[in-house]
Structure formats: C-alpha cells, structure tokens
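Asks: Quick one: structure below, then a few questions.
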C-alpha cells in the first residue's frame, strides 16, 4: 500500500497548476485563489521545504486579456496569446508571493531544455540556484516559440520532467480532477475511486481518460504519463482537485486525492534523465529471454532483439518493448538503427563479421539503461499477456 506521508515530510515538492484553476474564461485571473495558493506555498517554505511551481495559464490568460473568441486557436494565435499571458502570469505570481516576502523567478522551458543533456544540466543548475537563494521558480513551457513538433504538449509531463530534473521527492498535479477512477465517473456511476496506486500497470494505464477542456491541454492520460516519469525516478505523485481555496492545506487535511508510490529502486542522475526522455528516437522489440535478462539487471544483447523501429543514431535514447507491446525499459543504444537491424537476433561474437567492425557486445548496456516497468516472473507475465490477447 502506498504511504501517504504528511507534506511536511517531503523535502522538495513540485506543484503543477492547471489553467482552469488560475483563469476564468470571462473574468480572467482568479486572484483570490492564487493568493490562497501562495499562502499554502509560504507555509511549506516555512517548514524548510523547497517548492517549485509549474504553472499553466499563460495562453488562457493572454486569451482573456486579448478577448480572443472561443474555440480552437491557430498556432500563431496561441503564440501571441502566450506572449501576452506570460507577462501577466509572471506578474500575478510575483505579486501574490511577495505578500509573504517570497521572491518568484520565471523560467520558460522548451523541449530541448530537458531532452538535450547539456541544456538539461544548465536548466537544472539555474533552478537549483533559485532554490538555494530561497526563491520559488515559476516554470512554464515557452509557448511563444514551441511548435507541435518540439513541445511537451502538456504541463503534466513538463512538471514530471522538472521533478526528475531537480530531484524532487513529491509531485502534486492540481486540476479540476480529484484523482484516478476505474472509469470516467461522469459516464459510469459504478466507477471506483483509487486512493493509492503502488504501480502503474497496463490496467492502470487503461483507466486513463481522454480530452481536456478549452482552457487546457491535459487530461488523465497525460497525468498517468507524468506518473510513469516521476515514479520511475523515485518521486511520489499526487493527483488532487484544486477547485477549493488552499488546496495544499486540503490535501494535508485528508481531502480526496490519488497517491502514486515511487519506485523502490534509486537511480543515478544520468539514468533519471534517460528514464524521463519524452521522445525516444526509436524502439527495440525484444523476446521473452531478453525481458528475463533485463529483469535480472543484465544488458540487452543483440541476440534478444526481435525487431527495430525508428531512425536513430548511436547514443540516442530508445524504448525497449517487450513481447506484449509494453515498454519495459529505456536506454542509450550502442548502434545506429541500420546496424541494429543487421545484427538483431545474432550472437555478440558475430557482430564484427556482420558489420565489418568490432562494436560493443551489448545493444544497450545495463549502465546506460533504466527499467520503466516492473518485470514479473515469466509464468506470471504470460498469464497477464494472455488477458490482453
């Protein structure tokens, strides 16, 4: 069972706030709600807890300021709304936090800032320096320059990447959803609320719902994706409603929320970065023998490789997919896609004869790999796989 610790037991908390909580479509910024949230944050900081905020709302706030019509926005309209909204959003956070003599620092990230190793380290250093001097980083995706091809797509996953980047031990996702149900409760009156989730299994993933509101891009699907990123890196996660004022106090006082347990296996900073990669360059599909070997902490050898998909270069991050079609690990691949296909299913001793050079024995070395799913015994895996056939 997942341990529900008081928030004061955590040392570094990332809080993601959805657009609909901060911005009213007609009235604009919900200042009273923001002031109450900042008072909650001040309470955590008074207990010595580092707090980071991933704040949605720039596009929604800019849309309100510009009085744009309802409905989907074109890319250039969204970017214009973000340009206006980012200024207003940063000002609002700064003013509300200053009531408790807390300084806010704005950070706008693009996908490359967490997916490219050098930029990742630089962004992490900047955030850590802000925390060191007692400021609260207010983080958002830089929607003025991001396009569909180079964006996170939602702030749930961005928040998870920030949590893993900064070594946070708790991620709180606040939105208009109070947690995870076995089915959408507005569609199924028999839907059961899940208070604790010890592992994100295929069954849990199947419970994730779909689309979001006009003011936001997130949904339960993105929250489960965020949970996989965070918990794999040893960070617990909470999904809770932010509709009430002082939602952090409400969580501490027992308000309904879903708690996700972190992985029991600590990972290095480098493996944390690998695990959280949002866009693997390709996929390596492996057999049952390889799954068993990886579960035992061994490297992935070419012999266990059934097929290769995608275009990638040596050193890129790839997803490792088991026979049931589920991702089980991620790692830095030792070969480019073309050579990986040529040696798939072959013994390591044959590599030089096939490729004409002596490459690494492992397709993905265990030091460059992190498990993203728990590997059960083979008999149990086969039984579960049959239920999805």
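Every residue, even glycine, has its Cβ placed from backbone N, Cα and C.
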Asks: With 175, 176 listed by Swiss-Prot as binding ATP, identify the candidate in 16, 26, 30 belonging to that site.
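Replies: Checking 16, 26, 30 against Swiss-Prot: the ATP site match is 16.
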Asks: Check the DSSP secondary structure of residue 16 (ATP binding site), expressed as helix, strand or coil.
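Replies: SS state of residue 16 (ATP binding site) = strand.
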Asks: Using a 10 Å radius around each Cβ and counting other Cβ atoms from all shown chains, which of the binding-site residues 143, 176 yields the largest count?
Replies: 143
